[in-house]
């Protein structure tokens, strides 16, 4: 497969929801929101509802299944052009009933077979947001990625998101801060 697996993209998209709502990132409500307990490596695993929201981000025409074309659109939006050639292989591995599409059951099964979220997924997610490759994520970069994914947010909103995670007060999110946020049980 490619360096950007089907499951890494699921993870990246599932986390965008939290980046848009920084006030909920560390709330006690999230502790009892249906998230399962931490998985391997101590990382919180998404609930079925979160996975359904991720699935719907891929299912652009809302027909209950993901086509290869829809999957490629998401790859392009994430700047992962190199991975497009691997889409047929990904679908061959995930499309268990052989109908040429990935339905929600197959989507969940693929996630479960992968063992959930890995630290490499979190690092790859960081680099998706770090558009200029300087090792830090700015509010402008967050806004750019979210806009590419069809999420409309203001620069002010993105600044609040960054401040919610920025432990050292430099106005940017570094890898350590990003990993701490993503691996928190309260995410």
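The count begins at 1 with the first shown residue.
Cβ atoms are placed via backbone N, Cα and C, with glycine included.
The region 'Disordered' feature in Swiss-Prot is assigned to 21-47.
Sequence annotations record features per position, and here Swiss-Prot assigns compositional bias 'Low complexity' to 32-47.
Across the domain 'EF-hand 1' (46-81), mean pLDDT in this model comes to 89. Summarising the annotation, Swiss-Prot assigns domain 'EF-hand 1' to 46-81 and lists sequence analysis as the type of evidence.
Per Swiss-Prot, the feature domain 'EF-hand 2' maps to 82-117.
Around the Cβ of residue 97 (Ca(2+) 2 binding site), 10 further Cβ atoms fall within 10 Å across all displayed protein chains. Annotation source Swiss-Prot lists Ca(2+) 2 binding site at 95, 97, 99, 106.
Counting only same-chain residues 6+ beyond the ends of the domain 'EF-hand 3' (129-152), those with a CB under 8 A from a CB of the stretch are 13, 16, 19-20, 57, 74, 77-79, 158-159, 161-162, 170-175, 178. According to Swiss-Prot, the domain 'EF-hand 3' annotation covers 129-152.
Its Cβ taken as reference, residue 136 (Ca(2+) 3 binding site) is surrounded by 20 other Cβ atoms within 10 Å in the chains shown. Residues annotated as Ca(2+) 3 binding site in Swiss-Prot, with sequence analysis given as evidence: 130, 132, 134, 136, 141.
The annotation domain 'EF-hand 4' is assigned in Swiss-Prot to 153-187.
According to Swiss-Prot, the Ca(2+) 4 binding site annotation covers 166, 168, 170, 177. Within the same chain, residues at least six positions away from residue 168 (Ca(2+) 4 binding site) with a Cβ under 8 Å of its Cβ are 174, 177.
Around residue 95 (Ca(2+) 2 binding site), the same-chain residues at least 6 positions away in sequence with a Cβ under 8 Å from its Cβ are 101, 102, 106. Between the alpha carbons (Cα) of residue 170 (Ca(2+) 4 binding site) and residue 136 (Ca(2+) 3 binding site) lies a span of roughly 10 Å.
For the pair residue 166 (Ca(2+) 4 binding site) and residue 134 (Ca(2+) 3 binding site), the C-alpha distance works out to 16 angstrom. For the Ca(2+) 4 site, the Cβ centre of 166, 168, 170, 177 serves as reference, and the other residues of the chain with Cβ at most 8 Å from it are 165, 167, 169, 171, 172, 173, 174.
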